[in-house]
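K.L.:
Here's the feature list from Swiss-Prot:
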type	residues	note
BINDING	His671, Glu673, His686	Zn(2+) binding site
COMPBIAS	725-735	compositional bias 'Low complexity'
COMPBIAS	736-748	compositional bias 'Pro residues'
REGION	241-439	region 'Y-domain'
REGION	442-509	region 'Protease'
REGION	785-942	region 'X-domain'
Amino acid sequence: MEAHQFIKAPGITTAIEQAALAAANSALANAVVVRPFLSHQQIEILINLMQPRQLVFRPEVFWNHPIQRVIHNELELYCRARSGRCLEIGAHPRSINDNPNVVHRCFLRPAGRDVQRWYTAPTRGPAANCRRSALRGLPAADRTYCFDGFSGCNFPAETGIALYSLHDMSPSDVAEAMFRHGMTRLYAALHLPPEVLLPPGTYRTASYLLIHDGRRVVVTYEGDTSAGYNHDVSNLRSWIRTTKVTGDHPLVIERVRAIGCHFVLLLTAAPEPSPMPYVPYPRSTEVYVRSIFGPGGTPSLFPTSCSTKSTFHAVPAHIWDRLMLFGATLDDQAFCCSRLMTYLRGISYKVTVGTLVANEGWNASEDALTAVITAAYLTICHQRYLRTQAISKGMRRLEREHAQKFITRLYSWLFEKSGRDYIPGRQLEFYAQCRRWLSAGFHLDPRVLVFDESAPCHCRTAIRKAVSKFCCFMKWLGQECTCFLQPAEGVVGDQGHDNEAYEGSDVDPAESAISDISGSYVVPGTALQPLYQALDLPAEIVARAGRLTATVKVSQVDGRIDCETLLGNKTFRTSFVDGAVLETNGPERHNLSFDASQSTMAAGPFSLTYAASAAGLEVRYVAAGLDHRAVFAPGVSPRSAPGEVTAFCSALYRFNREAQRLSLTGNFWFHPEGLLGPFAPFSPGHVWESANPFCGESTLYTRTWSEVDAVPSPAQPDLGFTSEPSIPSRAATPTPAAPLPPPAPDPSPTLSAPARGEPAPGATARAPAITHQTARHRRLLFTYPDGSKVFAGSLFESTCTWLVNASNVDHRPGGGLCHAFYQRYPASFDAASFVMRDGAAAYTLTPRPIIHAVAPDYRLEHNPKRLEAAYRETCSRLGTAAYPLLGTGIYQVPIGPSFDAWERNHRPGDELYLPELAARWFEANRPTCPTLTITEDVARTANLAIELDSATDVGRACAGCRVTPGVVQYQFTAGVPGSGKSRSITQADVDVVVVPTRELRNAWRRRGFAAFTPHTAARVTQGRRVVIDEAPSLPPHLLLLHMQRAATVHLLGDPNQIPAIDFEHAGLVPAIRPDLAPTSWWHVTHRCPADVCELIRGAYPMIQTTSRVLRSLFWGEPAVGQKLVFTQAAKAANPGSVTVHEAQGATYTETTIIATADARGLIQSSRAHAIVALTRHTEKCVIIDAPGLLREVGISDAIVNNFFLAGGEIGHQRPSVIPRGNPDANVDTLAAFPPSCQISAFHQLAEELGHRPAPVAAVLPPCPELEQGLLYLPQELTTCDSVVTFELTDIVHCRMAAPSQRKAVLSTLVGRYGRRTKLYNASHSDVRDSLARFIPAIGPVQVTTCELYELVEAMVEKGQDGSAVLELDLCSRDVSRITFFQKDCNKFTTGETIAHGKVGQGISAWSKTFCALFGPWFRAIEKAILALLPQGVFYGDAFDDTVFSAAVAAAKASMVFENDFSEFDSTQNNFSLGLECAIMEECGMPQWLIRLYHLIRSAWILQAPKESLRGFWKKHSGEPGTLLWNTVWNMAVITHCYDFRDLQVAAFKGDDSIVLCSEYRQSPGAAVLIAGCGLKLKVDFRPIGLYAGVVVAPGLGALPDVVRFAGRLTEKNWGPGPERAEQLRLAVSDFLRKLTNVAQMCVDVVSRVYGVSPGLVHNLIGMLQAVADGKAHFTESVKPVLDLTNSILCRVE
């Protein structure tokens, strides 16, 4: 066997590529999302700093400090995920509301920039109290925060976090503060740039600018728009150098995360800190080079900028390394300063070759270049000197050693020491130097700095004083402060130092052993009763949990606890890890804080500790007011009754859903194993393992019981809680998605107790905090346009977020409704629990959101303003509210004023509940017209607009007018243009008419009406009957003014036409534009001609016209009538014209629309302008559209011109739509098929069809030889080696091809349309005579505007606007182009799926111009053929499925004749094309149109995206009339080649055909036609056949083909987005609808025709049921593509 080094192993290559793809997907899935807008330089900085993390840029916000904030957010996530419930130091005000896990926050009184931060802090939630205290100097309102600072606060907390808030504290100060808090761990994020270790100066790096004046350091990052960060230098230096604090408060400081010079420090209290050296900047990209002369002195008495020049300069490390390598390796004669300068200049330029950066470059200042050249030259000179001296002294030493005698060598061997510590070379020290010598070096490399200093805490007073005095003495001597307690600064160590803390480990490797609690424990619910009470669970759940006992198997491995809970017949799994996300029933998030070393867990207000004891597992629970211990014995408990477990799960789910609906912040979502487990109430990673393998996700209690109404059953006992949920009957409700288990009977004794939530006789029954849903008896009375509703019934049946109580001034329990609230929610009257007050109203969230509103007492005084305020004070909330009629009870407020006050002061979606007396009043006074509610905000904005408007000359008449909040009733008559809305108004019905323009005013006045423009009408509309014409186009503030001032108001207008325009661009018009609901719609126009109606039908689907003018739009003619333009500039350029806005509402006999280029944006953004322009004329409209603006919005004459050019006529035809009905479920056999497992169904299908999982995703078959035509190839045939799919199963039942591959497109072009065509020259008369058995002589066909309308309608449904239809110019490529596409669907097969050797299928798309030219003719011919078809012959899909099935069922004694064409399109030639042209001529199509069709079909060019084929004769699927002519050719071949006896039914669709007959034979002339055209027919004659996706069974009918449908589902890609899964569900649902009445019959027939077992079909139907229920499971697979293509041979014909 020969092996070669260049042979590639495909398997290994594929595995490597898949691994690389998986790595890339994993990196993207865990990428950091960068939200701010960044410059190119900022992006490069972030990418370099965040390596190796993957970044995803989604710019959507502007930040002042984008680079720092991205780093800050990343480090903040790390700190908060590990800290759990903690104390936070110096929190940013905007982060307070987002982090509920913080138990206390330490602030300082705001000064400077902090004041600005507090002003922009949120004014809601916990941040509001902090903001108020900070800005007003008030003391803290509660214990959650303080302003004493971290050093002055003593709030106890075990863990803390400090995000960039410790820069002004030393490590010693932090250690003492942590001791006062009792804190053991503190996560601190700090910004520690290395430049603070250098002397004062200005340092500029690639990322930031740092100014160091000796005391303070200011850092400003690249691209910042505000001031930089200002910190104390000494503190930053101490944080960099210190790794431990010694003394009475010892600490260990670890660097657990680092991004650039941003660090997360973990400060841990440790009794004996050990040495922990670390390298702070191992990835530093700068080297700091010293300037020998320094920055220079001060040139005068006054300081200048030169004093800020740097002693050191930041130089890119790659520049310094390359410069030193170049200089050190130069020849002695070549080494000089000028050569170094030349080289430095060369490497300082950035060089890019394509996308490869060959040289990064360096943009340096003159000072930096001078310092670098000087330092490099002197350093290299010193190194060369050392090299020379080392060689010289070494040679002399070698000569002396080799000259030694025997005695000298013996002496050295006997007396000189050697051992383990001996290192070669250590015995020689030719050169020694001092730190301050010039030869000690000119640069500082941060990459090799190592620090391990200790800082004594301030309690060591005597030692600190001695050290201070010694340091001062050393400074007096002119020396550096080298304290003997600390190592020297900047110790240089190896560059690969392994710092475990720096790499990210926050676990001490020497931690104490963790106790193992693994085992099986018995957890009875009775042992956790105190915890349930602390959790505020309803009595029902507590009682049910007390009767259950669970077995919990605990497994503890590597700081992780896995629990398996066995509860009855259910198994739950949970995994406890630090930082795990706990499921909640609200927006608030909770993360589990789990410390295995301390055996503690905490989240929210709950915490627990556990330990293994002799009696079992001992757990201590701590919560609000609870300190409870429980011991769980080892062993296995008896299994609880399944019915009890099911009832417990259902009650628990109802409680969770009720709490989720009522809670604003949310609490834990309680799972069964979370309440019956040793670590209650936590249940992270909840998983339910069902014992039934055919059960899907819907069998979980979280889905199943949501569909069950929790109504107490009177037949079952009630122990003070809601009884078992009753299952609705099948006849009353739809069939559930999965079968539900019947509820088990309650084994407890029967007691007589009142239902939950109802008062017992002689006692007050108090409902729990969260009530359960009961049966509703409310009645809907009215719905407002904003979604608000009025009900008759009980307020407590509402599902709104808030309930409003009619309270008293003191908010104490009272009578009436207030007493009912106290009965249900007594805790809501606790004043200490009020979260907010607004006026007299009080808001509380305990035990649910309730607003106590106070109405005035009308027994003492009538106070309408107080009544308005009572409702208005309840609107300061989020969510909806349910109201009573405030004050209408004891306070004797009349119903009418209270109801009107609610109408004016409520929010959208609110509900009002009326008692019976008020409900009868409402029904007697029900609004008969739509109402417009003017809220305070709308009124305020409208008044502002009126005030601005009254300052102009036009609006002076509106001065002093006001809009007040209230409710206005109106009548709105809307209609299509020209429907006669204005003509319907008579003078007796109106006093004043308000119109938007002077033209309309004059037209109304000519009719005798008192008409005014909106501004002048302000003087006359008060108390009058007002009609407002073109109401939507009036300025909304004037519209509201007139509607409110009028006695009655009648609006006229068209919502689809031009609305009011905000000419001032102040934003007031869209803010107050009212939402008007038409009371009546008029759809008949008396103005618009027929062609205009068709153009605007998209906006007016029901428009009809009485006009006799059929065509009124003309292009390219001289201007006539009134000129209409779109802009004021066009109006100035065309005298006598008016703008479209001014012409709105007017009618002209003839118009001319002039579209100018400056109106492009107006027309594209507002189609209403085009509608108004088109609907102003009655007879003729000339369009002058030089820029083509109207063509861009679909208004063109090309379609109409081509239609009349082809011989179309104006007239009427029957529509081509076939009426279809939906059969009723009279025999619902589908209901007997339960959902089944998807996996088992597809595996059974694979077993019975013999298909196996394919190792490849697709096959590129060998490309055949090009036999005719000319093929144009792309330069590159790049293909994808693999395909990613989301599939239902890994076994595909279709021919596997790769439609998206370039080689597949070539194979299809050559294999299907490049094959040689067999020409057949013969007369068509014989074939036409045979075809007459199915299609008799047609005769002349009339093509009318009905076919044109159907063509346009089809284009609109596909999202086309007609702009692609051009004038018929055969020289234009856009007119004659034929586009080729590869079909993205493969054929279902029961045979081989891979080795089929078939090329793909293609589809062509003719130009829209040709489709519009031939389309109406082909539609008319198709209608003529359908009218002539004999009885029992079915064409295409132009029939109702039930009719076809009935015809098949009637042919009981027939067999099924099937014919399958092979290469149906490829075998069509000049003969089939000639037959088509003969039928066209027979129908009366113009000769030039027939010859054009023959020309296009006989010689064509298929244009693929990157390939093209010039060929002849072949037919392509996708051209206009494809179904028509394919079906006609199919009919002609079958009827000419075969004779049938007792023909009962014949159906033809494309290349599919069946004939139901008793027997058949081949006709005498068949061989000639088959041989002449090269036809390939595959005939089958059997009892049951297949046709167009259905199974044809004579005597039974046409049944859906379940096997084929399920098999085709396996081939498609159903991802990656959810919209594909929804398309699958809808398609399967439509298919199952066909099986409603024939499911069982389908099982028997389909199994017989495919030769499979009936169980397979039964299983497939169940699988489809599961998919239709939304339970489809998808598997992502990455499979290679098998490429079998060879070279393509081209030959020019």
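Placed from the backbone N, Cα and C atoms, the Cβ positions cover glycine too.
I would like each feature placed in context: is it buried or exposed, what are its neighbours, and how far apart are things?
P.N.:
Secondary structure at His671 (Zn(2+) binding site), taken from DSSP and collapsed to helix, strand or coil, is coil. Residues within less than 8 Å, Cβ to Cβ, of His671 (Zn(2+) binding site) and separated from it by at least 6 positions along the same chain comprise Phe572, Thr574, Glu583, Leu652, Ser683, His686.
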K.L.:
How many neighbouring Cβ atoms, not counting its own, are there within 10 Å of the Cβ of Glu673 (Zn(2+) binding site)?
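P.N.:
Around Glu673 (Zn(2+) binding site), other Cβ atoms within 10 Å: 27.
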K.L.:
Through the lens of DSSP with three states only, how would you label His686 (Zn(2+) binding site)?
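P.N.:
In three-state terms, His686 (Zn(2+) binding site) counts as coil.
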K.L.:
Inside 10 Å of the Cβ of His686 (Zn(2+) binding site), count up the other Cβ atoms and send me the figure.
P.N.:
18
K.L.:
Applying the rule Cβ within 8 Å of the centroid of the Cβ atoms of His671, Glu673, His686, what extra residues of the same chain belong around the Zn(2+) site?
P.N.:
Thr565, Phe572, Thr574, Pro672, Gly674, Gly677, Ser683, Val687, Trp688
